[in-house]
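Participant: I'd like to ask some things about the structure below.
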Amino acid sequence: MADLNINIGKLKFKNPVLAASGTFGYGIEYSDFVDLSKIGGIFTKGITLYHREGNDYPRMAETSSGMLNAVGLQNRGVTYFIKNIYPKVKNIETNIMVNISGSTIEDCVSCAEKINELDKIPAIELNISCPNMKQGGMAFGTNCSNASEIVNAVRKVYHKILIVKLSPNVTDITEIAKAVEIAGADAVSLINTLIGMAIDIKIKKPILSTVTGGLSGPCIKPIALRMVYQTYKIVKIPIIGLGGISNSDDAIEFILAGASAIQVGTYNFIDPTISTKIVDGINAYLDKYHLLSIKELVGELL
C-alpha cells in the first residue's frame, strides 16, 4: 500500500482527502456511521465572531448538475463553539480545522485569536469570500489589496497553519493566490462557490430569498480544475483543491493538476461516507500504477 501522508506546512495529514466546510457539520454528527479516523481532516462549518441567524428561507436550490446555497453562515459564534462544540470534537482522530469568516477584518482577527488558543485545532481556513462591510460590501477576496490586508492581519495573531479559501469570482485567481502567499498564508484552498441563480418560472421569481447564491457540485469541477492548474504554476505554498469532487478519479485529477490535498463538499450530502471511499480509490490507483507515494502525483500532469 502506498504512502498517502501529506504535509501542509508543519501539519501532517494521514491522507489528502478532507471534508469541506459547510458540508460535514463539525464532524461529530457523522461519527456513528463514518469512520472519521480514515479521513485526512475535517473543516468545520463556518464560524464567525458573533451569532448569525443566516439568510431567510428558501436558501438552497437544486440545479441540474449541482446546487445553490445562500445559508448565510448561520452559526452560534466562536464562543459557543469553544464552550460547546470543541469539547466534543477535540478528540476525533483526525485533523479538525476551523473555517472562519467575518464582515470586518477586526472580526476575523478576533475570531482567529480565540481559535489560536485551542490546543487540538491545528489550523484555520480563512474564508475571504465574505463581503467587507467597511468597503461597501465588496468581498475581501476579490482584489489583491483587500485579500493581502486581511491575511496579513490574521497572520499576526494566528500562529498555527493558516489556509486561505479563495473565491473564483475574480478576473485572475492566481493574482489573489500570490498576494495571500506573500501576506503569510501557509496554503490556499480553491475554489469556493461560483455565484449563480435559479428562477421559478411559475411565479416569475428567484428561488432563493437572496436572489443569488453559491453554486457547487459537478458543474463547477472543470472551472475548479483549471484554476488549481493555473495557481500551481504561480505559488510555492500547497494547494487544497475542491469543486465538484464526487469520486476518486475526480480527486486524482485535482492532484495531477497541482493540489496536494482535496476537499469533498456537495457530494457529502449524497453520500456522507464518500471521503473514505475516495481514500480507498486513491490507494487502488497508486497500487495499480506502482506508485509508492501520493506525492509522486502532485502536479505531474504531462
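Glycine is treated like the rest: Cβ placed from N, Cα and C.
I grabbed these lines from Swiss-Prot:
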| type | residues | note |
| --- | --- | --- |
| ACT_SITE | Cys130 | active site, nucleophile |
| BINDING | Ser21, Lys45, Gly46, Asn99, Asn127, Lys165, Ile191, Gly217, Gly243, Gly244, Gly265, Thr266 | FMN binding site |
| BINDING | Lys45, Asn69, Ala70, Val71, Gly72, Leu73, Asn127, Asn192, Thr193 | substrate binding site |
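For each listed feature, how buried is it and what is near it?
Facilitator: Cys130 (active site, nucleophile) counts 23 other C-beta atoms within 10 Å of its own C-beta, drawing on all protein chains shown.
Shown in sequence order, Pro168, Leu190, Ile191, Ser216, Ile220, Lys221, Ile223, Ala224, Leu225, Gly265 are the residues of the chain, 6+ apart in sequence, with a C-beta less than 8 angstroms from the C-beta of Gly243 (FMN binding site).
The Cβ of Gly72 (substrate binding site) has 16 other Cβ atoms within 10 Å, all protein chains considered.
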Participant: In whole Å, how far is Asn127 (FMN binding site) from Lys45 (substrate binding site) when you measure between their Cα atoms?
Facilitator: 11
Participant: Rounded to an integer, what is the Cα-Cα distance in Å between Ser21 (FMN binding site) and Thr193 (substrate binding site)?
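Facilitator: Between the Cα atoms of Ser21 (FMN binding site) and Thr193 (substrate binding site), the distance comes to 12 Å.
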Participant: Taking the Cβ of Gly46 (FMN binding site) as the reference point, list residues of the same chain whose Cβ is under 8 angstroms away and which are at least six residues distant in sequence.
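Facilitator: When sequence neighbours closer than 6 are ignored, Gly46 (FMN binding site) has Ser21, Gly22, Leu73, Asn75, Asn99, Ile100, Ser101, Asn127 within Cβ distance under 8 Å.
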Participant: Determine, to the nearest whole angstrom, how far the Cα atom of Cys130 (active site, nucleophile) is from the Cα atom of Ala70 (substrate binding site).
Facilitator: 12
